[in-house]
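Asker: This is the structure, below, for whatever I ask next.
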């Protein structure tokens with residue numbers, strides 16, 4: 001029980017001679033060092049607040065302004081045009097002191113005015129988005145001047161959040177424009193009668209209720225930082241009462257070909273260290289703001305660590321703590337608290353490996369009800385909220401639950417082996433994806449902002465909760481973690497972490513529970529959902545973005561049109577297609593929908609299927625590609641469709657009015673939900689020089705019961721990885737077919753064959769496009 005004694009700073013007893021005080025100097029030293037670390041963080045936060053508060057100027061610029069003003073006054077000139085003299089009359093000092101102090105006050109006011117002016121100019125520059133719509137190689141003079149001015153104003157090295165106050169607010173599109181774009185997006189999905197009916201509903205909405213709702217929305221846009229994000233987080237994520245496992249959470253995978261070490265504890269040690277180093281960079285704002293040409297909003301980084309989603313009967317709540325000095329670990333049905341700081345410093349990877357090995361070697365069995373406790377986070381939210389209120393609101397259960405929820409993140413030491421290995425690499429990849437998506441339904445804590453899984457053979461991965469941030473933010477974290485693990489921390493020749501172990505490290509602490517629960521229904525609900533999910537990974541290596549770009553085609557548009565072809569061959573029709581696009585060009589922006597099924601892509605697919613000549617296919621494909629890119633740019637610049645309609649619907653509910661048009665629009669199913677995973681947002685290593693260290697990306701579950709979830713990552717120049725999911729319960733959706741049938745399916749335009757994203761649709765369209773040398 002050495003750790004129990006170390007947790008007590010002092011003890012005292014009352015004796016006839018007085019109070020007998022027994023101090024533990026080791027514990028007091030730990031308290032002192034922990035306090036020093038805490039104060040260092042506070043000082044760092046204050047310093048960063050000052051630096052980003054005056055951006056794009058610098059704090060030292062105040063000194064230059066003050067010196068310039070004083071120098072001008074020394075030359076018997078008044079740069080303030082009498083304002084300094086007026087300030088002097090209100091200062092009860094000597095004449096010389098009045099002059100000096102009033103000059104400094106004026107200098108400060110002038111400096112603050114210059115900062116506001118610079119920030120206003122920067123905000124105007126960041127509000128310009130026409131550069132996105134200009135053709136490559138044909139940049140206008142106006143845009144060239146804009147780039148120059150933007151470079152001058154943002155030349156000083158920014159912190160992570162330096163641009164936040166200069167980012168523009170998301171604009172509210174005109175109702176007429178949104179409705180026009182909506183009708184165009186559904187035209188390929190409706191026959192003439194259905195389209196006429198929908199047009200009449202849209203027209204009636206615009207003339208009557210629409211303008212009233214729009215006024216409320218514009219009022220919110222004037223008042224709120226972002227008119228979409230808070231409602232999107234609350235109503236799309238936190239108010240959902242169904243399971244978040246599979247339906248909302250998503251996963252990220254390890255390297256495809258490489259596992260840096262096969263020692264489970266060592267991989268955990270380096271992974272934990274890399275994640276905490278990233279947290280340190282976030283806290284100190286040392287990360288560079290992510291940029292396209294202009295910076296993206298970094299607000300989603302704020303709740304990355306020390307965050308959990310707590311259940312409620314009506315709505316969940318995101319809870320975030322400023323700091324946490326421990327992580328929560330699950331292994332073979334037991335929960336542990338693992339301290340990651342020692343004497344005010346972050347433990348070394350070798351020390352963390354040593355601690356993890358202690359957990360792996362611990363033979364103690366789970367307590368009653370402990371092993372499958374995590375299933376509560378995997379099932380419906382209302383039962384979890386009720387159980388939490390009844391059994392976890394006080395006593396030992398509350399204390400242990402607080403440890404999990406306040407932990408920096410959650411770790412599962414899985415007793416299975418995963419990855420592309422053995423005699424069935426394709427099947428193993430599919431099982432790897434399912435394991436990360438839902439595991440055993442009780443060995444993950446799906447409420448944490450993200451959970452790390454370390455497998456027995458050293459493979460790793462993560463499962464992320466969706467409400468606090470979107471996939472690009474988590475992808476950035478995960479890329480940093482993998483690269484730091486493999487290339488910066490490294491391992492010894494025998495696969496262990498580098499460094500030394502300090503003696504007398506406190507052991508990981510078992511969490512205690514008193515759970516008088518019988519069999520919980522949450523596990524049954526979660527297990528049925530997990531069993532219904534079908535996951536398939538396609539590792540496509542015939543070509544990648546290098547060849548696609550040589551054809552002067554957007555790789556994303558290429559894949560999206562390929563998906564339209566695949567779905568059409570699968571079902572003989574088109575469907576409403578969701579592609580996620582970011583709106584982080586605006587402050588607190590999250591996502592917008594690109595409706596990838598367009599009139600142009602439908603025309604191309606039909607032409608290809610009907611065997612029209614190559615010249616027609618070439619022309620229609622280019623038109624479809626350009627249309628898709630334009631839609632993507634419009635979504636990024638605030639001219640999308642779905643977030644505007646969503647917010648109008650929320651306003652209508654607050655006002656207690658019904659709109660047949662909005663009700664129908666918001667109930668349309670997304671049978672093809674797609675998303676591209678970004679890669680190499682950070683340059684910690686060169687993929688060209690280390691081609692084996694390629695990432696598989698990640699995936700998610702299907703949105704509709706009769707639809708597909710398709711995530712893809714365009715990796716390097718010669719690879720596209722697909723993650724396809726569907727449900728076994730729907731006999732119309734099949735994500736996997738035998739590879740031996742691939743070539744047959746590529747050559748036979750059979751409209752009844754099954755959906756197989758990577759091999760069928762990409763290779764089919766590539767076989768045609770590769771002949772078009774002048775695309």
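Every residue, even glycine, has its Cβ placed from backbone N, Cα and C.
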Asker: Using TrEMBL as the reference, determine which range in 32-53, 54-75, 76-97 is annotated transmembrane segment.
Answerer: 54-75
Asker: For the feature transmembrane segment as recorded in TrEMBL, pick the matching range from 8-30, 100-122.
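Answerer: The range carrying the transmembrane segment annotation in TrEMBL is 100-122.
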Asker: Write out the long-range same-chain contacts of residue 466 (active site, proton acceptor), meaning residues 6 or more apart in sequence whose Cβ is under 8 Å from its Cβ.
Answerer: 237, 244, 248, 249, 250
Asker: On average, what pLDDT score does this prediction assign to the domain 'Choline/carnitine acyltransferase' (170-734)?
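Answerer: Per the prediction, mean pLDDT sits at 93 for the domain 'Choline/carnitine acyltransferase' (170-734).
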